[in-house]
Amino acid sequence: MCQAEHQVHPSEQRIRVESPKMTASRRGFNLTSQTRAHPSSGGSTSSRYGNCQRTHLIINGRHVAISLLLLVGLCGGTAAGTPGSADTRCDAGQFQCRDGGCILQAKMCDGRGDCKDSSDELDCDYRLCRPPHWFPCAQPHGACLAAELMCNGIDNCPGGEDELNCPVRPGFRFGDTAHRMRSCSKYEFMCQQDRTCIPIDFMCDGRPDCTDKSDEVAGCKQAEITCPGEGHLCANGRCLRRKQWVCDGVDDCGDGSDERGCLNLCEPQKGKFLCRNRETCLTLSEVCDGHSDCSDGSDETDLCHSKPDCDAKKCALGAKCHMMPASGAECFCPKGFRLAKFEDKCEDVDECKEQDDLCSQGCENTSGGYRCVCDAGYLLDKDNRTCRAVVYGSKEQQPLLLYTTQMTIMGMHLREDNVRNHVYQVAGNLSKVIGVAYDGSHIYWTNIQNEAESIVKANGDGSNAEILLTSGLDAPEDLAVDWLTQNIYFSDNIMRHIAVCSNDGLNCAVLVTQDVHQPRSLAVWPQKGLMFWTDWGEKPMIGRASMDGSRSRPIVSDNIEWPNGIALDMHQQRIYWVDAKLGSVQTVRPDGTGRRTVLDGMLKHPYGLAIFEDQLYWSDWATKSVHACHKFSGKDHRILAKDRTIYAVHIYHPAKQPNSPHGCENATCSHLCLLAEPEIGGHSCACPDGMRLAPDHRRCMLMEKRQRLFIGLGQVLLEIEHTAFGRHQVSKSYTLPCLINEMVYNRINGSLIIADNDQRLILEFQPESHESNVLVRSNLGNVSALAFDHLSRNLYWADTERAVIEVLSLQTRHRALIRFFPGQEVPIGLTVMPAEGYLYVVLKAKRHSHIDKIPLSGKGEQVHVFEDDLGDDDIKLVTDYETQTIFWSDSDLGRISYSNYRVPHSQIFRGKLRRPYSLAMVHHDLFWNELGTPRIYWTHKSNMGPRKVIDIMEKDDPAAIMPYVPVATPNGIPLAASSPVGQESHPCQQQNGGCSHICVGEGPYHSICLCPAGFVYRDAGNRTCVEALDCEFRCHSGECLTMNHRCNGRRDCVDNSDEMNCDEEHRRKPKVLCSPNQFACHSGEQCVDKERRCDNRKDCHDHSDEQHCEKFDKSKKCHVHQHGCDNGKCVDSSLVCDGTNDCGDNSDELLCEATSRCEPGMFQCGSGSCIAGSWECDGRIDCSDGSDEHDKCVHRSCPPDMQRCLLGQCLDRSLVCDGHNDCGDKSDELNCGTDSSTMNISCAEDQYQCTSNLKICLPSTVRCNGTTECPRGEDEADCGDVCSIYEFKCRSGRECIRREFRCDGQKDCGDGSDELSCELEKGHHNQSQIQPWSTSSRSCRPHLFDCQDGECVDLSRVCNNFPDCTNGHDEGPKCATACRSASGRQVCQHKCRATPAGAVCSCFDGYRLDADQKSCLDIDECQEQQPCAQLCENTLGGYQCQCHADFMLRQDRVSCKSLQSGATLLFSSFNEVRNLSEQPVMLNVAWSANDSRITGFDLAMHRQMGYFSAEDEGIVYQIDLQTKVIVRALGLPAPTKLSVDWVTGNVYVLSGAQEIQACSFVGRMCGRIVHVKSPRHVKHLAVDGYHARIFYIVIRTEGYGQTSSEIHMARLDGSRRDMLLQRSESFMTALTTDPHQQLLYFVDQHMRTLERISYRLKTGPMRRPEIMLQKSNALMHPSGLSVYENNAFIVNLGSVEAVQCALYGSRICHKISINVLNAQDIVVAGRSRQPQKASHPCAHAHCHGLCLQADYGYECMCGNRLVAEGERCPHGSGNEVAVLGAVNSLELEHEHEQNGHFHWLMALFVLAAGSLIAGLGYMYYQYRQRGHTDLNINMHFQNPLATLGGTKAFLEHERAEAGVGFTTETGTVSSRGSNDTFTTTSATSSFAAQQFSVPNALQRLLRPRQSASGDPMAQELLLESPSRESKLHALDGGGAGGDGDGGRGVGRQVPDILVADMDDDAAKSAGQFGGNYAGNDANARFVS
């Protein structure tokens, strides 16, 4: 220990510093990593702070520069000084170098290295507090603030100068004006010059705190007036705040006036003499020395010489005699001694015992004095009293002060005197942080935010924060860390206990509850095994207990009011605390003795408290600052920091947490080891919640098995053990081969039953063995809920897609249909009550949802339990069997409700939630989550406790229980909970209840047997089921009858069940609409007799009576798939015999015997109705009894050539290991080897490398430029501008949030745009039919009654003779008479609700109140609501939906399903067209175009042909969809989008952006039908072949980059063009047609809308478009659009999802994962999309080229010309080219065949070239023989084969043979279309196109033309770039002539060149380069 002796005389005092026996370099000074050393290990001089490589500082991670400065300053280099130099302390005013040397402080940071190691010039910005990283407060030696604290709106400097000259903020004016106008509080003094505020205690304290020193001038004048009574006014005007500072031996006044006349300091026993006038204190040697030293001479009197004198005086041993002026000779003991009471001697005074403020830490008595000693880790300062913390081997270390402000944790380094303290933020963006602690490695804090109560642990810099625990916390106000065991102790103000947790938060235990009321602050003393706390509750006290919770007792309980902060000075063994009401700092010994007040009168509202060395530090709410003073006297009061309201204060230094042996070092506790007082053993073992100690007092045993919570995250299953007190963590996690959409716990075997809606299966997973097996894999739709009946061992599920509830017996694995909902209701929630024998189901209807009760067997009535006040979105159920309670979440209304399921009565459990979703009951706690968030909430099921939260997986979230993984969080996270296995018995448990298939419970003691679909009961006991082969109707009593016995009026069954439910349904007559024997024209405005239907005469104005007549049966006047009613009406056969009267005369429900009466190609349901044959076994229930999805349906698995993804889809093997995530879960890219050809390919730094093809390097600017350049569009991935349809796009464009977070009152977007325009977002809700009678401003929901006092009650409770309103306003005298008038007539036409104010009328469904509020009017739902997918017929009080000829109504009676089932979805992606099918989900490559980009495609389904274009190649291809073989190819300039006229087979192609060409692959030619002029261009086109219409979008580019859009319609021959729509500031990108309803759909990217416009014939096209979708994420960058079965399918560039949106009803959108980012076109491959005609005009026409549908039948075309029928087209006018290897065929034989053709054709070309040369030579010879001397040969060479790989070489060869040399432009050749225009296309692409036949090639190469002179020998050669004169002139060989020969030169036979422009006659240009040749082609001619 370090010690100092105090001896009697100052001259004899000696200072003795003993060898230190303490920890050397026990911890390096940091906040993240400390190195420990045992005290006995000695010190090390190799490093000043231990292992500095591991030293880190608690600096906010954003300020790296600050961190580095501090780190360098602390670590520096290794010590190079002499041994022991580190212990050297420099004098005041000196700087200590790192090598131990000392220099003057003034030389530090003066630009010169004065230290030998130049350490005085390091970290000067930090040391001198220089910008830009630091800001010095104005006070001398004031705080040094981190730059981040400047201008943060908070005065962190005491004078507020850190907030001066800041940018304008709300509430502040620029500059310091706002501060000058500030007013100081009553606790502050305002400086005169800058009007800053300082604490009033600093006024006139002898130290200037104002920059103008006005606090020591004017302040002193004020102090004379305001000096409190408990203070002392000095002679100089200063005010001492405490009288205790008077006569304490210290000159506090500065003029010595506080130390004058102090008897206690000037006593003879202390060797002093006080003059009589009390002005002077003399030493005894100055008394009676013959010289008067007192001014009054009182030190020299006659008694100084009196007798007896000292020579005669006998003194005690050790005493000395002095002559005294008042008494003569007296004996005095030396200083440090006093006269013994009973002995005549001087005895030693024990100063340490009598005065405990002599030494900073330890005090040892010595003979005649004392000496101060310091504990390990401290050195004695030069005052021989103060202990300073050090670490041996280095310089003094900086202690760290932490304080909390609720929102932040701040840090301050405490420095020596006259050095600034550095202040910075440790952790920010917090909420209600109160307590804080630090153990040298981690920082801990408590959060008391409501519903976010937690204890958090983080690194020293605030990073990597993790929540240790939330469970069991209510208000954890403070915490302390036991640095020996790392246990965390904390107080809980609401739970009223002191508790402890292990450092990981997993094991927690309550320690002290007795006499604990409102505990606040906490301090621990591990070496003594003690803890102390403050309690400000009913009995305020300072409490003490052993750290294991034993021996709890108060040590202070009197004269204490509001004790807050507590601190332990373990060196002096004293406890300090602050009392907020008394405004004091007090101290007491650990045993409750020695209580005294340190400081009072100067504290306003102290809260936190800490101690370090001789200083106390506390926070004060009133002054919003951290204060400090001396721990003994309370002097040296100062403010260290200002901030918001400051709570806890904590100081860390390694010396404050000394290491020492302890009882837990060798303990063998299984869970918790707690220190205790040595006298009771030093430690004890403790157990967490739910466990107890075993008899050996070491092990913990479970009292009951903990229940577990299961969480489904995609394919990951998390298992969490729930604890009521402690940390939740993932105990286990499993990766499953399925998606977890719904799950339920099987309490019988502990397995989880999971529904996967992607793979459409239900499987069982056993967590113990990790095994899974499939329970159900066929006939599944979208499973919305699972429920498990533990009594009968049955699994129930709800299927929204198939609208059924089904059951599966886990004993027999048979399934049965419980209930089918054929209307518009679908089950979305489900739970079972096995002991009651029924289940609760949530049914979602069109207009509302309701909760019903159904028997578990499905046999019995369906009771509506909860009808009102339910939302229309997700509703999930969970049951608490212990309390007979059902809970349900309502995501639409944002609340959780509950009810007793035996006595239903709905009550709200929790409201104002953000879309609650899944529920789970774990023990006594209810868990739930919210849509779109990765958080799980829970609270006690009694709803008495706070809401707790578990963050599953969130980036930078301390509450996350598993590491953040950058994957999308599922929108809805399913939950399930384990539950203990019950011992209940049930009949179904014994041999399956005697049932052959399925046993279902009917309560706890009864059961019933069910049969699977297609089975019937065999016996009368209904126990055994057999396959229904001949039993058409099974009586309830067991008999088997034929269907003609059903409802025949006779009793054929014993129980008469054959005649049950046979009454006709009441049906209101319709309004004056079309009669049943009339046909309703599709326009809805005309009726014609059915006799005129399909009579080849157009009677309807819209011609609909003559449409779709191919399958119209004139005998029954209905289509073949329809039933002809007796009244003449037609209904779809799918609605026959389904129990609903669709005909109106019930004729569709008569004669329902199961005889073979369905039309061919139809399937007969078990009920008797007929559906399309393709609907059988298609995975969707279409029969009302579900019989179409029977057990014989083959399970569809992946074909052999496909691979199954982990998510269950089937994937084309060609897409496996292609570098792209095609599965969506990346399972197709697992275990892929490295491609050696690409492994070493890298791009330049300024380039972007495509991941789908590493060989492609693009400029870096392609990244996120809005277009896709890579083959799979990965250059547009993660660009932040495309959000999912379930997300909202923030206005910034860089952020997406969940759509349900829009307008929820919380800003989730960084720019807050999600909370803008929320009133418009909410819109106007549909008005209820019940009008509220209240006029109160407080509005209740429509179905609620306003009590006019802010309360709302259900209308059903009004006028029920019981006052439900608190004020009784729901009952009144009018309740009995309100619904009838005085005459007795009913007031309301339909329904009446009596209220105290009168009648409230309402109407039946389908009606609305008239203006008189009494009568009801029919609603035209067809017009107002558009509820039907296709055709809608309004009826009284309702409507009926119908379908077009190729469709039939589904069981929902709203949507239409194609008779040709099995449609798939095709979409293009760069060079591929992919095919996505649904049952099962399969993705394969329909066809591939090698490396060429596919720019458009379409299908002709009935012909089974596909068509696609390749713009770069200039070719349109026809491909056989069955064989995937190219049939034919046509050459066109720059073809992009195309659309098929499926009637004739013609293809309409957008060519060159300004032309539309019609192409016939039969006629092998194309012709232009539309041409637009610049600056307009055609963007997209669509064809309706049935109605012979073409539609196209024209974009006009206007000024400043703005665009306008036009939609044009024309006949298919290009005639009768009409503009349907024109819109400015628009950019339409795609359109498609619905030929059945004659609707044109289009998307506008600029307006983000999907719209439609009718082109049905009327008086003209309807020109007003209807918006179907607007501002939806389904329309971010739409590039492709298709419509099928009244659903729109959309693809967006940059999105990996296609979108399917219903175009009727609610228009809900769903996503379809396609996993490519660059899909451009999308087409539904369904036959019904293209209705067929029985015949078409072109089938009988005689056109030799093109035959196009036209207004009057057809038109013939040759190229661009209309020609007469029969006229032949000239040779060479076709467009056909041959294709080699253009498309990837899956058949290798085809590839070999193509390669063989290529080599054969190349050989023919070589022969042709040779023949050509020979022929030309022969011609030239004949020509010369006839006497001609010049060569006049014109060659016209057309090149439709521009994409041939060897074309360029071929052309160069031909030019060489012709003697002509010219150069083509870079890598391109030109092709000429039939419209005489040119386009330049790539000649180096992998597409290889070639002349179709050699004769054709020769004919095209040498085509005779007539010259001006009529010379038949003239030939013409078409050249590239004919308009470029320089290049053409180069053909002349560069020769020049001046003799009039046109520049040819004399005697040279070089051809002249003639150029003719596109629109000019060549003759007009004659002589330009020579020659005189007429022509009209845009070409260049060689003229010899």
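The count begins at 1 with the first shown residue.
Placed from the backbone N, Cα and C atoms, the Cβ positions cover glycine too.
When the ranges 277-301, 1177-1201, 1927-1951 are checked against Swiss-Prot, the one recorded as region 'Disordered' is 1927-1951.
Checking N1240, N1875 against Swiss-Prot, you find N-linked glycosylation site recorded for N1240. In Swiss-Prot, the region 'Disordered' annotation falls on 1965-1984 of the listed ranges 905-924, 1345-1364, 1965-1984. Reviewing C1243, C1270, C1279, the cysteine that Swiss-Prot connects to C1257 via a disulfide bond turns out to be C1243.
Of all the glycosylation sites in the record (N429, N782, N1022, N1265), the one with the smallest CA separation from N666 (N-linked glycosylation site) is N429.
Taking the Cβ of N384 (N-linked glycosylation site) as centre and 10 Å as the limit, one finds 19 other Cβ atoms among all the protein chains shown.
Take the CB of N429 (N-linked glycosylation site) and look out to 10 A: across all protein chains shown you find 9 other CB atoms. Same-chain residues lying 6 or more positions outside the repeat 'LDL-receptor class B 6' (793-836) and placing a CB less than 8 Å from one of its CB atoms are 742, 744, 746, 748, 753, 755, 762, 775-776, 779-787, 842-846, 849, 851, 854, 856-858, 862, 874-879, 881, 886, 888, 901-902, 984, 986, 988-989, 992, 997-1001, 1003-1004, 1010-1013, 1138-1140, 1180-1181, 1184-1186, 1189, 1451-1454. A separation of roughly 38 Å, to the nearest angstrom, links the Cα atoms of N1265 (N-linked glycosylation site) and N782 (N-linked glycosylation site). In this structure, the C-alpha atom of N429 (N-linked glycosylation site) lies 53 angstrom from that of N365 (N-linked glycosylation site). As a summary of secondary structure, the repeat 'LDL-receptor class B 6' (793-836) carries 0 helix, 26 strand, 18 coil according to DSSP.
In the three-state DSSP scheme, N365 (N-linked glycosylation site) is classed as strand. For N1022 (N-linked glycosylation site), the Cβ neighbour count at a 10 Å cut-off comes to 18, with all displayed protein chains included.
Across the repeat 'LDL-receptor class B 8' (934-940), DSSP helix (H, G, I), strand (E, B) and coil residues number 0 helix, 6 strand, 1 coil. N1475 (N-linked glycosylation site) sits 22 Å from N782 (N-linked glycosylation site), taking the Cα positions as reference. Mean model confidence of the domain 'EGF-like 3' (1418-1453) amounts to 86 (pLDDT, 0 to 100 scale). Separating the Cα atoms of N782 (N-linked glycosylation site) and N1490 (N-linked glycosylation site) is a whole-number distance of 38 Å. Contacts of N365 (N-linked glycosylation site) defined by a Cβ separation under 8 A and a same-chain sequence distance of 6+ are given as D348, D350, E351, C352, K353, in order along the sequence. All protein chains considered, the CB of N1490 (N-linked glycosylation site) has 15 other CB atoms within 10 Å.
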